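Novice: One structure follows; several queries about it will come next.
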Amino acid sequence: MVESCENQALENLQGKYQAMVVCCILGIGSLVSWNSLLSVGDYYYQVFPDYHPSRVLTFVYQPFAIGTIVIFSYHEAKINTRKRNLIGYILFTISIFLLIILDLTTKGQGGIGPYIVLCAIVASFGFADASVRGGMIGDLSLMCPELIQSFVAGLAVAGALTSAFRLITKAAFEKSHDGLRKGAMIFLAISTLIEFLCVLLYAYVFPKLPIVKYYRRKAASEGSKTVYADLAAAGIQNQSDLTDDVSKNQRLNNKELLLQNVDYVVNLFLIYVLTLSILPGFLYENTGQHGLGSWYALVLIAMYNWWDLVGRYTPMVKWLKVENRKGLTVAVLTRFLLVPAFYFTAKYGDQGWMILLISILGLTNGHFTVCILATAPRGYTGPEKNALGNLLVLFLLWGAFVGCALGWLWLIGKKNAF
């Protein structure tokens, strides 16, 4: 995926591939906490069997994420992006570590008290998610598409890694005493270390890469003030000298950006409405009993995460990338045919068909997400790209919230659902 990337100017720059790797790891860190909760869902169903953890925790997570991204999107031009992202990654690290502390303190016992504390920790995940995802996508929108594609791919890598780790830990401890709990705790400890690594990478490595410094200087010259702290961290001072031309400080406001990109934001909203209406609640509670037993939901989530990862790399194949805006809208709307497909498969089909459907859901989710996030910022100035990146994340999270709410509709008609 290449925009033009200022090819001639960047030929002599070093650090592009290093930046892609770092962006991927930072993407992993921005979603590994959520995927950790998702992947230990079988354990939380054992501890809190009466409280619909996969649905409730998802529903708790989203309002805090949305509230945070609304505030950040409105004030994005004045927010120090470096502090915003560092606070988010640090909060992720602390919060996921608190999940371990909570379990050790309660000795794996359930009850309403520990469940409320669990919900409070999950709410902090929502704040950190909006802080990091909006901040990073806004920041990377200033740069070439390869970097934002790598970050978005990292979001899917987080899902694939957590699913793989969860399957391994479940298999390793399945026959031991309290094995489900031991596996979950080891899994959460690994996730904590990943988050801490992201703090170090963002604080000390990423801002010093030549390609990153190049784009941030370019954004500052176009009037962006959000990059000043990162430029200072890279040893570049007197950034105000880059914005003396008043004409460069003029930019489209958020309303104008939304009107010009209404199809992109609506499509991103619809993508995540559908995905989150099925994942994870439907997979844990509505697929019935099958030959895989307690492994069934974990296998389905692993398949979703794997194909979501594949889908985030398929746009790198030029003829697979959907750039026609009308064609993208048609494809996103067609994806809603998966709703009746999931319903009838859960009711009448076997596990093979369900695995196929969840794979299609993941593949299309990843593919269309990258197509939108990598294409939408083209043609705008640095400040406009940052603002648009935050707006795209806002509608993505809105879609996830609405999808979580609609996910409860799958319980209608189900015995002992509430």
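Numbers run from 1 along the shown chain.
Yeah, the Cβs are placed from backbone N, Cα and C, and that goes for glycine too.
Unlike curated entries, TrEMBL annotations are predicted automatically.
Straight from TrEMBL, here's the annotation block:
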TRANSMEM  17-36  transmembrane segment
TRANSMEM  56-74  transmembrane segment
TRANSMEM  86-106  transmembrane segment
TRANSMEM  112-130  transmembrane segment
TRANSMEM  151-173  transmembrane segment
TRANSMEM  185-206  transmembrane segment
TRANSMEM  264-284  transmembrane segment
TRANSMEM  290-307  transmembrane segment
TRANSMEM  328-346  transmembrane segment
TRANSMEM  352-376  transmembrane segment
TRANSMEM  388-411  transmembrane segment
Novice: Mind pulling out the one from 17-36, 352-376, 388-411 with the most Cβ pairs under 8 angstroms to the transmembrane segment (56-74)?
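Specialist: Looking at each of 17-36, 352-376, 388-411 in turn, the most contacts to the transmembrane segment (56-74) are made by 388-411.
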Novice: So, do the transmembrane segment (151-173) and the transmembrane segment (185-206) meet, by the test of 3 or more Cβ pairs under 8 Å (sequence gap 6 or more)?
Specialist: yes
Novice: Mind pulling out the one from 17-36, 86-106, 185-206, 264-284, 388-411 with the most Cβ pairs under 8 angstroms to the transmembrane segment (352-376)?
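Specialist: Between the stretches 17-36, 86-106, 185-206, 264-284, 388-411, 264-284 has the largest tally.
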Novice: Should anything in the same chain at least six residues away from the transmembrane segment (185-206) have a Cβ under 8 Å from its Cβ atoms, list it; otherwise answer none.
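Specialist: Non-local partners: 19, 22-23, 25-26, 28-30, 32-33, 36, 39-40, 85-86, 89-90, 92-93, 96-97, 99-100, 103-104, 162, 165-166, 169, 212, 233.
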Novice: Can you name the far-off residues of the same chain, 6+ from the ends of the transmembrane segment (264-284), with a Cβ under 8 Å from a Cβ of it?
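Specialist: Answer is 38, 41-42, 45, 52, 54-55, 58, 258, 297, 300-301, 304, 325, 328-329, 332-333, 335-336, 338-339, 342, 346, 358, 361, 364-365, 368-369, 372-373, 375-376, 391-392, 394-404, 406-410.
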Novice: When you scan the chain for residues with a C-beta under 8 Å from the transmembrane segment (86-106), skipping those not six or more beyond its ends, what do you find?
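Specialist: Distant contacts of the transmembrane segment (86-106): 29-30, 32-33, 36, 114, 117-118, 121, 124-125, 127-129, 131-132, 135, 181, 184-185, 188-189, 191-192, 195-196, 198-199, 202-203.
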